[in-house]
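For B:74-272, the entry in TrEMBL reads domain 'OTU'. TrEMBL lists B:Asp82, B:His265 with the feature active site. According to TrEMBL, the active site, nucleophile annotation covers B:Cys85. Feature annotation from TrEMBL assigns site 'Interacts with free ubiquitin' to B:Ile216, B:Tyr230, B:Asp232, B:Tyr261, B:Tyr266.
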Amino acid sequence: MSDAATRRLMKELAQLKNENPEGLLIDNAITSSDLKQWKIGVVGAEGTLYAGEVFTLQFTFGPQYPFNSPEVMFVGDTIPAHPHIYSNGHICLSILSDDWTPALSVQSVCLSILSMLSSSKEKKHPMDDAIYVRTCNKNPSKTRWWFHDDSV
Amino acid sequence: MVQESNENLPTSTSAITEDEILLQDQQMKRIEDEQKAAPLVGDKSPFFTLIGYYDEVTSPAFFAKANELAETYSDIRYIRGDGNCFYRAVLVGLVEIMLNDREKLLKFIASSKEWTDRLVKLGFPDWTCTDFCEYFIEFLQKIADGKTKNEAVFENMNDDNTANYLLMFFRLITSGYLKGNSTEYEPFIGEGMPLAQYCESEIEAMWKEADHLAIIALVKATNIHLRIEYMDRSVAPNGGWHHNLPDGDDATFVPDITLLYRPGHYDLIYKKSVDSSG
């Protein structure tokens, strides 16, 4: 971690704890001692397909954060079944690759993912889940994504 | 959803094998290594060093132009070609002015503070944006307070981590200027792309080259007079050999900063002083 990245991540963590945004479990957030990896709980919003379900998002930050996007995926026993989330936890979301800007943050990423869950109309993984999970790189940022549907 | 270029086929990127990704990564790494061999901001070098890049026989036009420019310009500061060169060149040019002119320094600190408020009012993500602004203002304030000496200023600008924060401030105010004047500038964006989307993907994202719109916006946002000298007349927007921004008559226009444009790249150049030009 560079000093600048550490400084920024410490600020982000303090901000998250201070604001404690709805749907995020910040108190239970686990961060590695070098801040390089975070795990944050997200809770499905009331009135949606995932109401009350708790999932874990894992953030991995490179030394060039926030100028490069963090690597973000679902981890743990429960991966949400969603048309843009693969069963290995990889998430297809444009702000995690092409549309990342340094003005975004852990909080804005978490909230985008929560909103993506909320707008889902069916609980199922993408059509190409089986083949993707078998052939993809372990690092989701190595995947070339095609974003063609912003409705869910 | 992952798809190949044919959007009707619901297949994943399985067509790209691990080997191909590895090869692409290696190529990217090589290009990156080549870039990183050059400093972010070079020391001032004599302008004639530019002539050495061109061969009289194989690139006579550039060779002749470099020679011609060498009559007017004494020095050049090479900037690393990493997609940030325009913003970085303006940053360095401005900082150099401010190191020699305390009044301008204090004025720029004040206008940077105004920009912080303006960005928030324009709806930029609040604390991440103000964080970049505060970092930039602190950088200038330390110069004003004498806590950072000239040498350290250039060390800062040559340190990727610090420099990225400083550049981000410039990208944000460039974007902010366009967003604040969207009715005027939206028609210039191609393919019906909304201005906000253009700003986010082309300006606010790091390592994206500045196009003409970004150049105008940064000039207006920083209130500088900028001249760009072109090695190749065909790319100058007015068909001339150089361009004054904001538009100004050559006879009266006094540039604060002058950049040299070679296709795809900007460096900072310095005019001969009256004494040395004889």
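Placed from the backbone N, Cα and C atoms, the Cβ positions cover glycine too.
Heads up, TrEMBL stuff is auto-annotated, nobody curated it.
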Across every protein chain in view, the count of C-beta atoms other than its own within 10 A of the C-beta of B:Tyr261 (site 'Interacts with free ubiquitin') is 21
From B:Tyr230, B:Tyr261, B:His265 (recorded positions), the ones whose CA sits within 10 A of B:Asp82 (active site) are B:His265
Subset of recorded sites (B:Tyr230, B:Asp232, B:Tyr266) lying within 10 A of B:Cys85 (active site, nucleophile), CA to CA, in sequence order:
B:Tyr266
Around B:Asp232 (site 'Interacts with free ubiquitin'), how many other C-beta atoms are within 10 angstroms of its C-beta?
13
Of the recorded sites B:Ile216, B:Tyr230, B:Asp232, which one sits closest to B:Tyr266 (site 'Interacts with free ubiquitin') when you measure Cα to Cα?
B:Tyr230
Near the Cβ of the residue listed as 'active site, nucleophile', how many other Cβ atoms are there if near means within 10 Å?
22
Students should find that the Cα atoms of B:His265 (active site) and B:Ile216 (site 'Interacts with free ubiquitin') sit apart, in Å rounded to an integer, by 16
Looking only at the domain 'OTU' (B:74-272), report the model's average pLDDT.
93
Compared by Cα position, which of the recorded sites B:Ile216, B:Tyr230, B:Asp232 is the closest one to B:Tyr261 (site 'Interacts with free ubiquitin')?
B:Tyr230
Same chain only, sequence gap of 6 or more: which residues have a CB within under 8 Å of the CB of B:Ile216 (site 'Interacts with free ubiquitin')?
B:Leu245, B:Pro246
Could you tally the C-beta atoms, other than its own, that fall within 10 angstroms of the C-beta of B:Tyr230 (site 'Interacts with free ubiquitin')?
22
Secondary-structure category, per DSSP, in which B:Tyr266 (site 'Interacts with free ubiquitin') falls
strand
